[in-house]
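*Asks:* Before I ask anything, let me first share the structure, which is written out below as structure tokens.
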Ligand code: ADP
């Protein structure tokens with residue numbers, strides 16, 4: 001199964017993706033994690049991405065697409081994947097669509113985790129204390145939420161128009177949200 005998780009920073013994509021990975025037995029591809037690994041390794045790409053990430057802005061489409069093509073060329077994605085953190089703007093959505101068409105692995109589902117903004121801010125503030133991520137400072141969080149509204153929210157419409165979108169209520173306990181996602185993945189024809 002090939003699915004993409006959509007949702008604002010703090011919506012729970014990473015947490016749910018980790019659980020879905022176990023449940024569906026397919027790899028979890030997080031562009032945020034891939035970028036953080038490059039930063040940690042001190043690679044050329046990581047050095048380029050570091051400041052942009054810390055500010056809460058988007059790393060260039062070109063870098064992201066290269067990273068993704070590389071990731072999809074690994075054999076573990078053959079039986080599917082859970083994509084998290086990509087696409088983050090319409091150009092990326094388009095590039096992904098073309099890439100998946102080319103490798104004959106069209107997306108099955110786009111699942112949007114829907115969480116109100118005040119709760120997002122609260123969750124990120126909690127995570128900032130616990131994890132100390134460089135881009136969880138109040139200023140960077142404001143930028144990330146604005147970038148999401150301006151650039152990433154339109155991606156939801158993209159998947160709606162392609163008939164692939166499922167919206168899931170992301171408010172509630174981790175198990176509740178997880179169960180809602182699983183229910184949303186049952187194809188309509190099997191529901192009856
Ligand atoms: P979040 O918790 O905000 O969803 P992620 O871990 O997914 O964060 O990503 C962290 C940062 O990595 C982003 O703010 C951005 O700078 C960069 N990044 C991740 N994915 C992408 C992408 N698809 N395009 C551009 N930049 C990205």
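Backbone N, Cα and C atoms are what each Cβ position is placed from, and that goes for glycine too.
Summarising the annotation, TrEMBL assigns ATP binding site to 10, 11, 12, 13, 14, 15, 127, 172. As annotated by TrEMBL, region 'NMP' applies to 30-59. Look at TrEMBL and you will find 31, 36, 57, 58, 59, 85, 86, 87, 88, 92, 133, 144 tagged as AMP binding site.
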*Asks:* In terms of DSSP three-state secondary structure, what is the assignment for residue 12 (ATP binding site)?
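*Replies:* Looking at the DSSP assignment, residue 12 (ATP binding site) belongs to neither helix nor strand, so coil.
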*Asks:* Count, for each of the binding-site residues 14, 172, the other C-beta atoms lying within 10 angstroms of its own C-beta, and report the residue with the smallest count.
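*Replies:* Result for the binding-site residues 14, 172: minimum number of other Cβ atoms within 10 Å at 172.
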*Asks:* Provide the three-state secondary structure of residue 57 (AMP binding site) computed with DSSP.
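*Replies:* Going by the DSSP assignment, residue 57 (AMP binding site) belongs to neither helix nor strand, so it counts as coil.
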*Asks:* Could you check which of the binding-site residues (10, 12, 13, 172) sits closest to residue 31 (AMP binding site), going Cα to Cα?
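*Replies:* With Cα distances computed to residue 31 (AMP binding site), the winner among 10, 12, 13, 172 is 13.
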*Asks:* Distance between residue 133 (AMP binding site) and residue 127 (ATP binding site) at the Cα atoms, whole Å?
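*Replies:* Rounded to a whole number, the Cα-Cα distance is 8 Å.
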*Asks:* Specify the secondary structure state of residue 172 (ATP binding site) as given by DSSP, simplified to three classes.
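*Replies:* Once the DSSP labels are grouped into three classes, residue 172 (ATP binding site) ends up as coil.
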*Asks:* Anything from the binding-site residues 31, 59, 86, 88, 127, 172 with its Cβ under 6 A from ligand 1? List those in sequence order.
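*Replies:* So the answer is 31, 59, 86, 88.
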*Asks:* Give the three-state DSSP assignment (helix, strand or coil) for residue 31 (AMP binding site).
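*Replies:* The three-state answer is helix.
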*Asks:* Quick one: of 31, 57, which of the binding-site residues has the smallest count of other CB atoms within 10 A?
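*Replies:* Selected from the binding-site residues 31, 57 on minimum Cβ neighbours within 10 Å: 57.
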*Asks:* Between residue 14 (ATP binding site) and residue 57 (AMP binding site), how far is it from one CA atom to the other, in Å?
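*Replies:* Approximately 19 Å lies between the Cα of residue 14 (ATP binding site) and that of residue 57 (AMP binding site).
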*Asks:* At a 10 A cut-off on CB-CB distances, which of the binding-site residues 13, 88, 127, 133 has the highest count?
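*Replies:* Sorting the candidates by Cβ neighbours within 10 Å, the top entry is 13.
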*Asks:* Between residue 10 (ATP binding site) and residue 57 (AMP binding site), what C-alpha distance do you get in Å?
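*Replies:* Residue 10 (ATP binding site) and residue 57 (AMP binding site) have their Cα atoms 16 Å apart.
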*Asks:* Looking at the binding-site residues 57, 59, 86, 88, which has the shortest Cα distance to residue 13 (ATP binding site)?
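*Replies:* In terms of Cα distance, residue 13 (ATP binding site) lies closest to 86.
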